[in-house]
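Novice: Annotation comment: TrEMBL describes A44, E63, Q64, G71, L135, D166, I228 as NAD(+) binding site. Per TrEMBL, Fe cation binding site is recorded for D166, H181. The glycine binding site annotation in TrEMBL covers R238.
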Amino acid sequence: MVNSNMMFAKVNEADVTEAILEGFYNTLKRHLRSDVIVVGAGPAGLTAAWRLAEAGARVLLVEQNNYLGGGLWLGGYFMNPVTIRAPAERILDELGVPYETVKQGLFSTKGPLLAAKLVARALEAGAEVLNLTMLDDVIVEDGKVSGVVVNWSPVQALPRQITCVDPVGLRAEYVVDATGHDAVVARKLAERGLVNASRLGPMWVERSEDLVVEKTGEVYPGLVIAGIAVAEVYGLPRMGPTFGAMLLSGEKAALIIGEKLGLKVKVAAAPAL
């Protein structure tokens, strides 16, 4: 017997399922055609999505995992403090994330806090998310990337002989490859000979971060690469467990796309394009 003086509202199981279903349907329908699809919701992808959504773009984040934030939850090995090198601490200031000065130009903060703040800021700005969603292919039309082909992430773990789940296509004016070491969007084009894609070089923190931001850009019409994907495509040195370049690379990607879409992307101190 259920107490008539229940604390919670009277809602049954079908009501709950209907609410989830409608929410998912509405998100997917809104983003059948987006201004920007960001593939990968790590630090670079989240920063790009935040800046673009804040500027008024219709932004969809596609993330293969159930969680957002990528490697930002851990700063190296099994330890969760993360490091940021100047001048990227200005983004921590903007997010309201406290940090400690380790030495001149090097700062440390709590990875889970930074990840949570960045996820919140991107979603509060209006970016929407399809998680547990993997990139299957890209849409290329008239020599331009015009969207992505996606599927449910667990499909890749199922034996092919017992399943055949076709992917679906989502269109966008621009796509951002922020998929980290996998660089999956760029490599789909490389498989067709449309772009050149290298492999990550040995670690060299000081040089790598500068190069990642410098090389962030449009590698094929409609496709902008950001974050560690930049290092993978260009064969740059590995940057190691420091995150400033990923934040600034995502920001630069947003500036590049914003200019092409005629949007004013606001940053505290814009990096040179």
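Yeah, the Cβs are placed from backbone N, Cα and C, and that goes for glycine too.
Nobody curates TrEMBL annotations by hand; they come from automatic prediction.
Just tell me what is around each of these and how deep it sits.
Specialist: All chains included, 22 other C-beta atoms sit within 10 angstroms of the C-beta of Q64 (NAD(+) binding site).
Secondary structure from DSSP puts D166 (NAD(+) binding site) in coil.
On its own chain, R238 (glycine binding site) has L200, G201, P202, M203, W204, S208, A231 as residues at least 6 apart in sequence with a Cβ closer than 8 Å to its own Cβ.
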Novice: Measuring Cα to Cα, how many angstrom lie between L135 (NAD(+) binding site) and H181 (Fe cation binding site)?
Specialist: 14
Novice: Please list, in sequence order, the residues in the chain of G71 (NAD(+) binding site) that are at least six apart in sequence and whose C-beta is under 8 Å away from its C-beta.
Specialist: G42, P43, G180
Novice: Would you say which of the binding-site residues A44, L135, I228 has the most Cβ atoms within 10 Å of its own Cβ?
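Specialist: Ranked by Cβ atoms within 10 Å, first place goes to A44.
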Novice: Please report how many Å separate the Cα atom of A44 (NAD(+) binding site) from that of H181 (Fe cation binding site), as a whole number.
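Specialist: The Cα atom of A44 (NAD(+) binding site) is 12 Å away from the Cα atom of H181 (Fe cation binding site).
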Novice: Can you grab the distance from E63 (NAD(+) binding site) over to H181 (Fe cation binding site)? Cα atoms, rounded to a whole Å.
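Specialist: So the alpha carbons of E63 (NAD(+) binding site) and H181 (Fe cation binding site) sit roughly 14 Å from each other.
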Novice: What's the CA to CA span in angstrom from Q64 (NAD(+) binding site) over to H181 (Fe cation binding site)?
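Specialist: Approximately 14 Å lies between the Cα of Q64 (NAD(+) binding site) and that of H181 (Fe cation binding site).
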